[in-house]
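Q: What follows is a structure written as structure tokens; I'll ask about it next.
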Amino acid sequence: MATTVVAPPGAVSDRANKRGGGPGGGGGGGGARGAEEESPPPLQAVLVADSFNRRFFPISKDQPRVLLPLANVALIDYTLEFLTATGVQETFVFCCWKAAQIKEHLQKSKWCRPTSLNVVRIITSELYRSLGDVLRDVDAKALVRSDFLLVYGDVVSNINVTRALEEHRLRRKLEKNVSVMTMIFKESSPSHPTRCHEDNVVVAVDSATNRILHFQKTQGLRRFSFPLSLFQGSGAGVEIRYDLLDCHISICSPQVAQLFTDNFDYQTRDDFVRGLLVNEEILGNQIHMHVTTREYGARVSNLHMYSAVCADVIRRWVYPLTPEANFTDSTAQSCTHSRHNIYRGPEVSLGHGSILEENVLLGSGTVIGSNCSITNSVIGPGCCIGDNVVLDRAYLWKGVQVASGAQIHQSLLCDHAEVKEQVTLKPHCVLTSQVVVGPNITLPEGSVISLHPPDAEEDEDDGQFSDDSGVNQAKEKAKLKGYNPAEVGVAGKGYLWKAADMNTEKEEELRQSLWGLTINEEEESETESERSMDSEELDSRAGSPQLDDIKVFQNEVLGTLQRGKEESISCDNLILEINSLKYAYNISLKEVMQVLSHVVLEFPLQQMDSPLEANRYCALLLPLLKAWSPVFRNYIKRAADHLEALAAIEEFFLEHEALGTCIAKVLMGFYQLEILAEETILSWFGQRDVTDKGRQLRKNQQLQRFIQWLKEAEEESSEDD
């Protein structure tokens, strides 16, 4: 199902004529010049108004990420203002999750007025599951006619892409359309607050042409491997850069959408970049980069980035996108600016003795009691703050009520949340819409409270991408289930997002996903972690056709390897068969690695009727690893791939505890066959966020001896260097 907001007839062409002086020009010789040099077509943009991940759950269970208010303005409004300011005249907004809310917001905004310089067309579908699906739809509908900008709806930027666009077009003109994408980066030190650890990248680039030669997410690693071929034969030299912030803004040729159609395993932009760099010699396509030093660009991928970008807006680093500029033309968002970055909306009341220290935004109609201390905080419209309240790096959305004596530190309170008397919120707490906490309670650091009970999440997962996916069922369950006063206070309303069987690891995982406190090997992206869905997201799709496809794909891979062993089929042909299965079942690269690792480790068990003891299992497995090592090396290339394979190996040995004693031999086999690198094995072994069983597995004496041997080998290698 798809809907489109149709622009006024001739709107794009009329506006293009106005910008270009109209048909025929305004003076003698205009027609001749037009004949000699055709003016570029109107600039288009593809705006993806969905992240295709759950990084903002449970906040985004109530409203989509692109409508979350940042400094009291919806995120998508920042993105559209950036696109319009940079010269975009037509934007296709693709929506999936909560599409009706996004559509309603846009239709009421200035972007859908006849006078808008940027014609916004809204396309909705419940079938989109990734950026790849969106771009395949762009190609199927033939929406883009020339180079276009590709952005997510949570990008905040003031970058003028004109120069980058000119460079991109010139490259394509001189090199016969070889360059298909220009990625925009901002020069930024690794310690900068707006550097999102999950998006940190190391880039190898041709010094003369800015052509990207290698692109790798750091995944928390400190050492990286680069193909030797990068440094051979490059006349101008190669730069290795770790001082870049990915703005998630890309200039794309129409070929990009076509390449996503041709490669169904491309789900994210990272998949696309990786695929093109790996196959550059075969496909002949190149990717370039443009680096800005003074302008601003960032993506709000988690609450850490939300806090950092919001602070930058308040501190005026994103000028001219400042709160008092009111670029949305909404009377409700008008405000004044004074010293120390204090912004006040209309009809704000400030009680006696209350202090607004610095970097504070007060929304319209907000009432603040006496003797309050507020610093580095944003308060939405219609909020009511009691007496003696302390707000430090607090983000309050519309209609929030905070009673007297409350203290809120580095936390987020969504629409119409209520904090009772004498409540303290430690850092990184989240109260979603209409939650009530208190009185006289302290919420520990990282507490997430929602009116949606966590155990209702699984019931909603089957329809998680539709507008009303089980919401009514969840509310009914909430009515039947009482709130826990120990968690939310005697007058509280809400559920601590901790199911009865959720262990400490999963609680930490929830905090990480919201605030991005630690490295998450997954995203990307998409989450922009963005390569593919993690195991939790796969679980959430129980009963979906995709899971059935993965099971069928696993059986097909098993059959392929069995036939390969029996008929001595070459590894090159096995790779071709696995690739054809991958395309047939629309399986992501990560899922291929998971399935391949699982199938090969299970293979000796599949061939025997009786249980195998550890030594016999190793004797059967290691020759298979040697025979199929080229297949593994074909799919395990990046550091993230190594860690995914190690996670699959760990999962196998946790499921088969009787074989646990031979994990060291298996890892040694992977290492000696150059499938897994020593630094990634050490990184995996040193992971702190593991289950009790995972910790027990790491206490295996043979495994610890192997790890010690690896460390000594690494130290000897470093000394030799």
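Here the Cβ of each residue, glycine as well, is placed from N, Cα and C on the backbone.
The compositional bias 'Gly residues' annotation in Swiss-Prot covers 19-33. Per Swiss-Prot, compositional bias 'Acidic residues' is recorded for 456-465. Per Swiss-Prot, compositional bias 'Basic and acidic residues' is recorded for 528-540. Per Swiss-Prot, the feature ubiquitin cross-link maps to LYS61, LYS103, LYS141, LYS217; the stated evidence is similarity to another entry. Per Swiss-Prot, domain 'W2' is recorded for 543-720. The N-acetylalanine annotation in Swiss-Prot covers ALA2. Swiss-Prot lists ARG19 with the feature omega-N-methylarginine. The phosphoserine annotation in Swiss-Prot covers SER130, SER450, SER466, SER469, SER532, SER540, SER544, SER717. Residues annotated as phosphothreonine in Swiss-Prot, with similarity to another entry given as evidence: THR322. According to Swiss-Prot, the feature region 'Disordered' maps to 1-40, 446-478, 517-545.
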Q: What is the Cβ neighbour count of SER130 (phosphoserine) at a 10 Å cut-off, with all protein chains included?
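A: If we count other Cβ atoms within 10 Å of SER130 (phosphoserine), we arrive at 25.
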Q: In this predicted model, what is the average pLDDT of the domain 'W2' (543-720)?
A: 81
Q: Check the recorded sites LYS61, LYS103, LYS217 for other C-beta atoms within 10 angstroms of each C-beta and report the one with the most.
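A: When each Cβ's neighbours within 10 Å are tallied, LYS217 tops the list.
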Q: Measuring Cα to Cα, tell me the gap between SER450 (phosphoserine) and LYS141 (ubiquitin cross-link) in whole angstrom.
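A: With the alpha carbons as reference points, the distance is 40 Å.
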Q: How many neighbouring Cβ atoms, not counting its own, are there within 10 Å of the Cβ of LYS141 (ubiquitin cross-link)?
A: 13
Q: Just checking: which of LYS103, LYS141, THR322 have a Cα that is within 10 Å of the Cα of LYS61 (ubiquitin cross-link), counting only these recorded positions?
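A: Of everything listed, nothing lies within 10 Å of LYS61 (ubiquitin cross-link) (Cα to Cα).
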Q: In sequence order, which residues at least six apart in the same chain have a CB under 8 Å from the CB of the residue listed as 'phosphothreonine'?
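A: Spatial neighbours, sequence-distant, of the residue listed as 'phosphothreonine': VAL313, ARG316, HIS337.
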Q: Distance between LYS103 (ubiquitin cross-link) and SER130 (phosphoserine) at the Cα atoms, whole Å?
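A: It is 19 Å, counting Cα to Cα.
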Q: Starting from the Cβ of SER450 (phosphoserine), draw a 10 Å sphere and report how many other Cβ atoms land inside it.
A: 26
Q: Using the alpha carbons only, what distance in Å do you get between SER130 (phosphoserine) and LYS217 (ubiquitin cross-link) once rounded?
A: 19
Q: For LYS217 (ubiquitin cross-link) and LYS141 (ubiquitin cross-link), determine the Cα separation and express it in whole Å.
A: 32
